[in-house]
Amino acid sequence: MIKIENLTKHYHAAQGKVEAINGLNLEVDDGEIFGMIGPSGAGKSTLIRMLNLLEQPTSGTININGTDLTELSSQNLRAARQKIGMIFQHFNLLSSRTVLGNVAFPLEIAGVAKKERIAKAKELIELVGLSDRADHYPAQLSGGQKQRVGIARALANDPDLLLSDEATSSLDPESTKSVLELLAKIRDEMNLTIILITHEMGVIKDICDRVAVLEAGQIIEEGSILDIFARPKQTLTKKFISSVIDFDLPERIIKYVKAERPGELIRISFVGEKTHDPYISDLVKHYSVDANILYGNIDEIQGVPFGTLVLDLEGQLTNIEESINYLQSQDLRVEVLDNV
Amino acid sequence: MFDLITDLARYNDLMISGSLETLYMVAMSLFFAIVGGIPLGVLTTITRENHIIPNKPLNFVLDGIINIGRSIPFIILMVAVIPFTRMIVGTSIGTNAAVVPLSLAAIPFMGRVTDNAILEIEHGVIESAQSMGASPLQIVFKVLLPESLPAIILGLTLTAISLVSYSAMAGAVGGGGLGDIAIRYGYQRFQLAIMLETIVILVVMVQLIQFFGNKIASFFDHR
């Protein structure tokens, strides 16, 4: 388990003191894919680079499986780092080595015998699907292939934790998808923990179990993916979600909201099994209201259905209120749309 | 015209031995440039701020050595180190004596070339090695030197060519080699043919060094 307590990083820049990370606390469970998202300048990169002490924290502790990294001697830190793999936005492969040489590199550092490291490297190259490219140099590979080499290299010393620093940010959508699928696959097969940072909500939506939203060096919201998508609290979170799921109502409905009308306009968000339950017919049957569906949208997050519905409720005011209460009691997120 | 050709034929042996002396001086001092200059350059780079073992005082000293060495004109360096040359070689005249100032000029030159070559490596590559738990020594030998090898080879080529020209200067004060011949026969005895031939040989030498330097560098370059 990874436990981060009161983590702070301040540094001095030309513009004065910069507080990159401010008293951050975080726990990540074993085997979890934990995503951190935030706008540029939120401190994501500083944060993930502190997790293997590439960046020295100003204060706070970073506890990985019971060892506080900040207290290790430089020699012990190097040993600990062998169990923390890292992949980078710009891959950072050695241009002077072939794919095989790059994947074997961390094993060489760890002092593994040549025969063993070549066998292990070949195994990993096969895992990432690059067996036919083992003798190629990085310059001869596409971005997606380079990142696969990066992943194979990061796995060489059988790490417990894999850090991903914007690993898909310089890839095209197709390579991004296949790299993310690969990450999910190795998590399942090798049971390692993955912490990734990104500025793309699509990455979070596709593979993360939990997410933390970072703003100005602090976590402003944290939770399971479904919770965050279903009930985002912060404006920034909503903004990120709307970049992958269409939250904005069509123009036609906005006009309708603004117009004079008898009833109440509500938006319901629902997740998972709730999509199967017959709420609307319940409403109509039990609360004597008419429900007119104006807009609907169902998406899927990691195989779980996730949807929004805009209803125009007409009937007596008390009935409408009661029906809204009923929906809320069903653990649905209900918003009354007065203005959009 | 006929005079020129008979002159050249007469001095064939002289030209061959002069060329060999020049090559000997260049090769010897290039050897010392590799042995002394590359470590000097590596140490200068890695002690820089934000590099793998930042050390401000040491970096200041090393950087200073390189700058001072590079700022002394070779002809002056050659004369200034005569006592040192005598101490090491026992004489200040001849090709072996010339190797001393040539090496002293080539070491800082090669140091700067190496420093520049290593600085070209993207910081992310070094960081990725650190993230795998590589020690500074491992980073130097497994990352910095292999990654900058093509640039270092081109730098060695550059150093070798500078040494060809410096060795001609060393010849002027009794170091031997093609420069010595050009001065004594071509200049002082007005033998134009000899002067021209030394120039042609030097030009061919430089062309060949550059040609093979480029070839070797691109053989190691996989970027």
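For all residues, glycine too, the Cβ spot is worked out from N, Cα and C.
According to TrEMBL, the feature domain 'ABC transmembrane type-1' maps to B:19-213.
According to TrEMBL, the transmembrane segment annotation covers B:23-46 (among others).
Under the heading transmembrane segment, TrEMBL lists B:58-82 (among others). For the transmembrane segment (B:58-82), same-chain residues at least 6 beyond its ends with a Cβ under 8 Å from one of its own Cβ atoms are 40-41, 43-44, 47-49, 92, 98, 100-101, 104-105, 107-109, 111-112, 115, 166, 169-170, 173.
Feature annotation from TrEMBL assigns transmembrane segment to B:151-178 (among others). If you look at the transmembrane segment (B:151-178), the same-chain residues 6 or more away from its ends with a CB under 8 A from one of its CBs are 15, 18-19, 21-22, 25-26, 29-30, 33-34, 37-38, 74-75, 78-79, 92-95, 97-98, 101-102, 105-106, 109-110, 113-114, 116-117, 120, 145, 198, 201-202, 205-206, 209-210, 212-214, 216-217, 220.
Among the features that TrEMBL reports, transmembrane segment is placed at B:190-213 (among others).
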- line: For the transmembrane segment (B:23-46), the distant same-chain contacts (Cβ-Cβ under 8 Å, at least six residues beyond its ends) come to 52-53, 58-59, 62-63, 65-66, 95, 98-99, 102-103, 105-115, 117-119, 136, 140, 144-145, 152, 156, 159-160, 163-164, 167, 170, 175-177, 205
